[in-house]
Amino acid sequence: MMKSSSTPSPYPRKTPRKTPRKPSKSKPTDPVEVFCRIRPLNDNEEDICVEVISNNTIQLNPPQNSQGFKSGHRVTATQHSFKQVFDEDSNQKSVFDTVALDIVHDLIHGKNGLIFAYGITGSGKTHTMTGEPSDGGLLPRGLDVLFNSIGGFQTKPCVFTPDKSNGVDVQGESDAKLDHDRKQKEMAVLASLGKNRGSDDDITDMVRVPDCSKFHDVDEDNGYAVFVSYVEIYNNFIYDLLEDAKQDLICPKAPVSKQLREDNNRNMYVQGVTEVEVKSTEEAYAMFWKGTTFRQELVKLDSQSSEKDMRNTETGKKVKDDVSKGLLRSLPYYGHQ
Ligand SMILES: Nc1ncnc2c1ncn2[C@@H]1O[C@H](COP(=O)(O)OP(=O)(O)O)[C@@H](O)[C@H]1O
Ligand SMILES: [Mg+2]
């Protein structure tokens, strides 16, 4: 699990500019903090090879039944240090408070942040990021604290509108109201046609226990609006999981890959990605489940179609390796939550 944060924003127009690294006499602080969380063993797992040495060091001991151990190779234990180690008894709340709370605080004060989970299948990424409705992970808790804090300082819907290029436009409240009414009507039409990908009701209907933490130092002169987008980077393509594309239910086609671009402030963004304004954790989480449902559909689709079907959004040509690999390489972990 890792987190990283950057510098203050020239709110509200653009994502913060990257600040050039200043030569500093004091010891530089690492912008990326790496945490380690150990999950309990499953019933069919034996021989724990991870030993917690201190609250920031673990030791990996080669399992006695491993090939390496039996053959006499690589039998030495290795130690690894992290910002903090969470053992198998750690709970969701303490992980959130240590890993994510500061990042949410920074976000409210206009600083970018990133949290991602990295690990093999079954290591506990989904548990840590999403968790259960009764005991949420980093994502729902982060949203709770964000909305608990900005609560009364949120703008009316559609006052801020994404410009599709990593910035926002601002409009007056009467225009915003017209815009909002139009969007509501469009959504009603989509819902009646059954084309608006819904969320998984079984999951979203479960009673959720919210995180009650709140920051009290919100700048009351600001208006706050929260937008969510959800993309999956997979096989070098960027899928917009919130796009309400018209799907042919009889002969479904692979969705079109989005383009990764850099704005004037040299921040990367996915051009034209769907950004949905949300006013509560429930609304944000509904979008998360909607995207997750679509992601599951994509996996099915992937087994039916090949990469050859992918087309560039602008040229309509088949995509081979259209997106800068240098940029993509820095992002694939995003697909890992
Ligand atoms: N810290 C933990 N405490 C209890 N159960 C856990 C923990 N981490 C993971 N699990 C359980 O282990 C299994 C695999 O975890 P999961 O989050 O789905 O892994 P991943 O998303 O990395 O593939 C799930 O059944 C999950 O509930
Ligand atoms: Mg998972």
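Just so you know, glycine gets a Cβ as well, placed from its N, Cα and C.
The structure displayed is predicted, hence computed values, not measured ones.
Database features (TrEMBL):
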BINDING   Gly119, Ile120, Thr121, Gly122, Ser123, Gly124, Lys125, Thr126  ATP binding site
COMPBIAS  14-25  compositional bias 'Basic residues'
REGION    1-31  region 'Disordered'
REGION    302-323  region 'Disordered'
Restricting to the same chain and to sequence separations of six or more, state which residues have a Cβ under 8 Å from that of Gly124 (ATP binding site). Arg37, Arg39
Quick one: of the binding-site residues Ile120, Gly122, Gly124, Thr126, flag those whose CB is under 6 Å from ligand 1, and say none if nothing qualifies. Gly122, Gly124, Thr126
For the ATP site given as Gly119, Ile120, Thr121, Gly122, Ser123, Gly124, Lys125, Thr126, which other residues of the same chain have their Cβ within 8 Å of the site's Cβ centre? Ala117
Considering only the binding-site residues Gly124, Lys125, Thr126, which possess a Cβ situated under 6 angstroms from at least one atom of ligand 2? Lys125, Thr126
Can you give me the same-chain residues 6 or more apart in sequence from Ser123 (ATP binding site) with a CB-CB distance under 8 Å? Arg39
Within 10 Å of each Cβ, count the other Cβ atoms, then let me know which of the binding-site residues Gly119, Gly122 comes out lowest. Gly122
Inside 10 Å of the Cβ of Ile120 (ATP binding site), count up the other Cβ atoms and send me the figure. 8
Cβ neighbour count within 10 Å, max among the binding-site residues Thr121, Thr126, goes to Thr126
